[in-house]
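Have a look at the structure below, then the notes.
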Amino acid sequence: MNNQKCSTLYQKPGGRTRIIQCIYVVGFMDLFGVSMIIPLLSHHVKALGASPTVAGVVGSTYGILQLFSSTIVGSWSDVVGRRYSLLTCLLLSALGYGLLGMSSSIALFVLARIPVGLFKHSLSICRALLSDLVSEAERPLVMGHFNAASSVGFILGPVVGGYLTEHEGGFYTSSFTCAVIFLANAGLVLMLPWSETLIHRKDTNSNNSNNDTSIGCHDSNCRKSVHNGSHATSHRPVSPAETEPGSRAAPRWREVSLLQPAWRQLSSVGSKIHTVASSDMWDLFLVRLLMAIAIMLYYSNFSLAMEERFSLTPKVTGYLISYSSTLGALAGFLVGPVTQLYGNNMAALLLHSTLLTCLLIFLYAAAPSVAQVLVSSTFFAISTSIGRTCITDLELQRGGVQASGTLIGAGQSVTAVGRVLAPLLSGLAQEFSPCGPPSLGVLLALAAVGLLLVRIPKWDGRGRTKKNQNAE
């Protein structure tokens, strides 16, 4: 086997740069439109005459659908390509928000949430596309910028949605506006210069051929065309690492055209999901789940805890939340420099950010004053932003960019499990104290830190377990 490591050179970097910049815009507009609607959903359901129980069941519909569809749609984007899958998700999401703008009954409201729950995975596909377009060294920087752009949209959206709601029929106006935004995003994606981006994977690594473990190219002449966002790999031999019995971390991903029969697409999707499910990535997904629940517990009763512990008014608490959210958005720009400071050692960075997050949740739970809450919130926004990028990058390192849609979708499914469990755990913890939810979050974050301390020594520089690497 040649001692070669895949990196990325671009014949037409101008086209690639335009796509990346447009994807930033898509991410901003996506969360801008969604955040216009989210604060208004519960009020609209109650206005339709739903009881609190029915409103809760209806509200959980979206999360349940996301839980099961994230991995499937992400894997489908690996099969048919980013362009077609992203367009499909944007158009069907626009349909869902358009139906939401016409929902005059609970039944129509639930119907409108179904296409959104099933296909609102545009951000995940955008992240997968970005991972296709950039090298491994560039990925944390680009992902950080994308997260920052999306977060800014999430901050500004409620302001516009709240303004529209003050007028008659404000919810319906906001819903139709959101649908128009998604249609505009679809138009932007359609006009992207896909044909101008041709990825060459051609680089030499003289250190150790065993480090070439990502699911990608193992040949200096390997080329990937992304004119419709797929990994249409030409001239790619199978490496020994892929054929060695017992090796699960470097499978060969097959590409299927959108024009292929549906059964073949489903077969490929199932094969990709099975490969990820049977891999040795359980430790990364478990860390993601533990930290997702811990972070959600931190925010779960924040407003109520501030009122009970420090007698803060909702207005002041809102300012504090906005301050933290703004810092979280800006922290996306710190990911690249911090990653370079760590020498692209994402495992060490993940451990330190997780440990810092655990400490900050503890400081918030034990805070004797608002000043300490403010300090903990400041660094908490930064540490969580860096931690999210780290865990995603490690998943992509271990699984490889040709499985990026499946991996990112699987990660979103794990996070969706956290969204289901966090409210239940928060309610139980609040029975004991207003500080109960963050205190439980500290325990979960400590468990994540302990897991990382045990598992990181068993990883190589790319987040893979050393025993699998040595077996190859």
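Quick reminder: no glycine exception, Cβ is built from N, Cα and C everywhere.
Copied over from TrEMBL, here are the features:
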DOMAIN    19-462  domain 'Major facilitator superfamily (MFS) profile'
TRANSMEM  21-41  transmembrane segment
TRANSMEM  53-72  transmembrane segment
TRANSMEM  84-100  transmembrane segment
TRANSMEM  170-192  transmembrane segment
REGION    226-251  region 'Disordered'
TRANSMEM  281-300  transmembrane segment
TRANSMEM  320-339  transmembrane segment
TRANSMEM  346-367  transmembrane segment
TRANSMEM  440-457  transmembrane segment
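Sequence-distant residue pairs (6 or more apart) of the transmembrane segment (346-367) and the transmembrane segment (281-300) include at least 3 whose Cβ atoms are under 8 Å, placing the two stretches in contact. Segment contact holds for the transmembrane segment (281-300) and the transmembrane segment (440-457), given three or more CB pairs below 8 angstroms at sequence separation of 6 or more.
For the domain 'Major facilitator superfamily (MFS) profile' (19-462), the model's average pLDDT works out to 79.
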